[in-house]
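> Got a structure here, written out as structure tokens. Questions coming.
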Amino acid sequence: MSNTFAPVVNDPLTNGHVVNANNCPTDDQDVRKELRKLGEPITLFGEREVERRERLLRLLSEQRHTDFGIAELEKSDDNLMEHTSEEEVDEEEFYTPGLDELLASRKYILETSVEKAARRLKLQKQQATDYDAARTLKHRRHINSQLGEFELNGTYTLQGNTRTLSGIRVNLSDNKVACGSWDGNFFILERGSPDNFKQVCRLAPGNHTEKVTLAWSPDEEDLLVSGGAEGTLNVWKVTGESKLKPSTSVKQAHSGRIAKTEFHPSGKYITTTSHDQTWKMWDLNRMKDFLVEQEGHDKEVCAASFHPDGSILATGGLDAIGRIWDLRSGRSIAVLQGHIKGIYSMDWSPNGYHLASASGDCSVKIWDMRKTEAELFSIPAHTKLVSDVRFLQHIENSPLAVAQTDETGNNPKVLDASGSFLATSSFDGTVKLWSADNWVAVKTLRGHTDKVTSCDISRNGLYVVSCGWDRVMRVWSKLV
């Protein structure tokens, strides 16, 4: 350790060194600067330049240092030490103790995701072995031609709604649609005939204040989760009651607005993203406390989507950054950078390696998890903010697909339609359908009179639903 030291005012160790008036600035602007550095008023009422300089000399005589150079040097050293200390704190790794339930959930997710991944890869290998270019091209063209015939097939005004509709989702069986509203309600519409929906229930008042987000369970057709601006997380069993009450409610699940709720593919866990800049994961059977609370975004977290295998989670925020989290270890394993404005929605393709992100920069970016250094493709999707993006999820024997022959005109075979297209909604008032093969627009759906906040695709791919600032739900499909 160095033995050097700075001289100190009136300290006998400094040999009686005192403030030298010749070292004090004479220019009034310099005097003002030095007073500001000392945290003193730069001028007093009625004070003249000479009096101001004398005040500076008097203050300096009471300070530790007798020389401006030494004082400024130590100030710089202190700032450097403070800055270094802050950097060290920022870079320091820390660990948060986890619950026993968290360990159990990670083991469960590991086991089930490995099994699902093995089945998915086996299927993809079989598809690669059986690949026929002519049959695949016919299959794609047929689906695109079906989508090209989609038109507005129904407009539904929700009884009791007073504000913008904030989110819309179709359930597992394609027979119910849930619409969340900025007025704190959500509404359930039941599908009767292919072209008809009927409002059957809404939630009881007092559960959410405003801006409701919601999601259906992937394995129970009547199970729904919702979040609101007040930070409450509710789980619902949608029955025949006209006004629903939550089966489970977590008050102050977040300290800020809950922007997104999503079910894990197993149906056992729920994730929530929030304007408090965190996301959390919850065990559906143990909602009294969260399993994981994760930071990582610099601004509000608006988007989340679970990988089809359930192994990883994608999140996006208003910091324009996407992150990929390994749920088996709790680590952030990839950062997706490319958007220049906030990310509002994300969705995985059933193929397991394509991820779509919708942003305020009017684009939808497609990311390939096999190479995350940059986006695979950037779709100039809309002219205003893209509010939602949804892939056609996994379905066997979709009505959209029909048997196609090979290049010889023989061997007809029905190919899988899962992930063959995606839908986007935007504040430009449109919903668009895109081919997931070449990312080209297949159909633009016009009918909303204001901003579109959300959209979804039915499990069978036969219809698309959307909602927005015009306070109505619209249904799009082929006209029979």
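Yeah, the Cβs are placed from backbone N, Cα and C, and that goes for glycine too.
As annotated by TrEMBL, domain 'Pre-mRNA processing factor 4 (PRP4)-like' applies to 26-76. Among the features that TrEMBL reports, repeat 'WD' is placed at 204-246, 251-292, 294-335, 336-377, 418-444, 445-480.
Surface or core, plus neighbours and distances: that's what I need for these features.
Assigned with DSSP, the residues of the repeat 'WD' (204-246) fall into helix, strand and coil as follows: 0 helix, 16 strand, 27 coil.
A Cβ distance under 8 Å defines the sequence-distant neighbours of the repeat 'WD' (251-292), meaning residues of its chain 6+ beyond its ends; these are 98-99, 101-102, 105, 108-109, 112, 116, 211, 213-220, 223, 225-233, 235, 298-310, 313, 315, 317, 327, 330.
Non-local neighbours of the repeat 'WD' (294-335) in the same chain are 98, 106, 109-110, 112-114, 116-117, 120, 256-257, 259-260, 262-266, 271-281, 341-348, 350, 352, 355, 357-359, 361, 367, 369, 372, 393-394; each lies 6+ residues outside the stretch with a CB under 8 Å from one of its CB atoms.
Computed over the repeat 'WD' (336-377), the whole-number mean pLDDT of the model equals 95.
Tertiary neighbourhood of the repeat 'WD' (418-444): same-chain residues 140, 143-144, 147-148, 150, 347, 349-351, 354, 356, 358, 362, 364, 366, 377, 379, 381-395, 398, 400, 450-457, 461, 464, 466, 468, 476, selected by CB-CB distance under 8 Å and a gap of 6+ residues from either end.
Outside the repeat 'WD' (445-480), and at least 6 residues removed from its termini, the chain residues within Cβ reach (under 8 Å) are 146, 149-158, 161, 163-170, 172-174, 177, 179, 189, 194-195, 197, 384, 387-388, 390-393, 395, 398-400, 417, 420-433.
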> For the repeat 'WD' (251-292), what are the DSSP-based totals of helix, strand and coil residues?
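Per-class counts: 0 helix, 19 strand, 23 coil.
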> DSSP says what for the repeat 'WD' (336-377): how many helix, strand, coil residues?
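Computed counts for the repeat 'WD' (336-377) are 0 helix, 21 strand, 21 coil.
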